[in-house]
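Enquirer: Take a look at this one; I'll ask things after.
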Amino acid sequence: MIIDTPEVQDINSFSRLEYLKEVYGIIWMLVPIFTPVLGITIGVLAIVWLEREISAGIQQRIGPEYAGPLGILQALADGTKLLFKENLLPSRGDTRLFSIGPSIAVISILLSYLIIPFGSNLVLSDLNIGVFLWIAISSIAPIGLLMSGYGSNNKYSFLGGLRAAAQSISYEIPLTLCVLSISLLSNSSSTVDIVEAQSKYGFWGWNLWRQPIGFIVFLISSLAECERLPFDLPEAEEELVAGYQTEYSGIKFGLFYVASYLNLLVSSLFVTVLYLGGWDLSIPYIFVPEFFEINKAGEVFGTTIGIFITLAKTYLFLFIPITTRWTLPRLRMDQLLNLGWKFLLPISLGNLLLTTSSQLLSL
């Protein structure tokens, strides 16, 4: 059988179309994966630059200014430098625990981004147990730090890992009780439902005004969970060299560096979602596209504005932990544990009882 030239061309074009369809299918599968990763990376770089600029202003010195415009690429330059440094392993340590520890710390924090809503329809996983899943996932990170400290075969590293575990346990309970109070107020543990419950009453419906005591306890507990000054005892330079990070170098040291800022960003995002109304601004911006007769863009416009509002609230709140790091002295270990067990735990329990009583009386 003889096949004409046009038929051969049609067959070739059809095969090329099938190949292109497969390529586009793979690309569209990868887009939802790489988009959050890119967003998180840019967010961390912005936090590092913001902290360096604020700390420079507090200390009356010049911040980074050579790597990129206004020094915004300095963190990227530091990360690139760490990539090319030698990865050292302790000769007498447990190399498996030493290598796995940083990965556990980073992955447990990255998983928390699954339940953070940037809009009513823009959340990777809207679960009924969203906020408690975050607490459960964040409890895994200290295990990685303890593994790193033990696997290093270094007394300073091991002591830093023990401090990280003790600090996490002490402040995880008040944090959980504050989240439980928010869940009772909103009648849901879903992060999307919590934001929508606040948006019903506008600006004065934010949980910041309905739960001021819980907000303060949550703020202090989240700072302790992030190991930020004045709660950075697991890596206190004057006492433990660098804590559980002492024996690390290269990319593994960089993972701890990234995990610290990832945790700070997650905590700030959850403060925005739980207490500051999330993507809600109490201004009817959704009617702007209708005013300009571009109704088809209304949903896209609303989603874009929601992302912008959430990030704006988050980065404005970041001024608090950044400022406290460069203005407050470090606590002693006994002071840190006393604050968690003797003050924050009873206060958070009392706040939970008040919230429960008010909810029962309102039935």
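Cβ atoms are placed via backbone N, Cα and C, with glycine included.
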Enquirer: If Swiss-Prot is the reference, give me the range from 248-268, 269-289 marked as transmembrane segment.
Expert: 248-268
Enquirer: Do the transmembrane segment (30-50) and the transmembrane segment (129-149) come together with 3 or more C-beta pairs under 8 Å, pairs six or more apart in sequence?
Expert: no
Enquirer: Counting only pairs at least 6 apart in sequence, do the transmembrane segment (248-268) and the transmembrane segment (336-356) share 3+ Cβ pairs under 8 Å?
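Expert: They do not touch: fewer than three Cβ pairs between the two stretches lie under 8 Å.
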Enquirer: Mind checking which residues of the chain, 6+ beyond the ends of the transmembrane segment (300-320), have their Cβ under 8 Å from one of its Cβ atoms?
Expert: 43, 46-47, 50, 54, 117-122, 219, 264-265, 268-269, 271-273, 276-281, 285-286, 288-289, 294
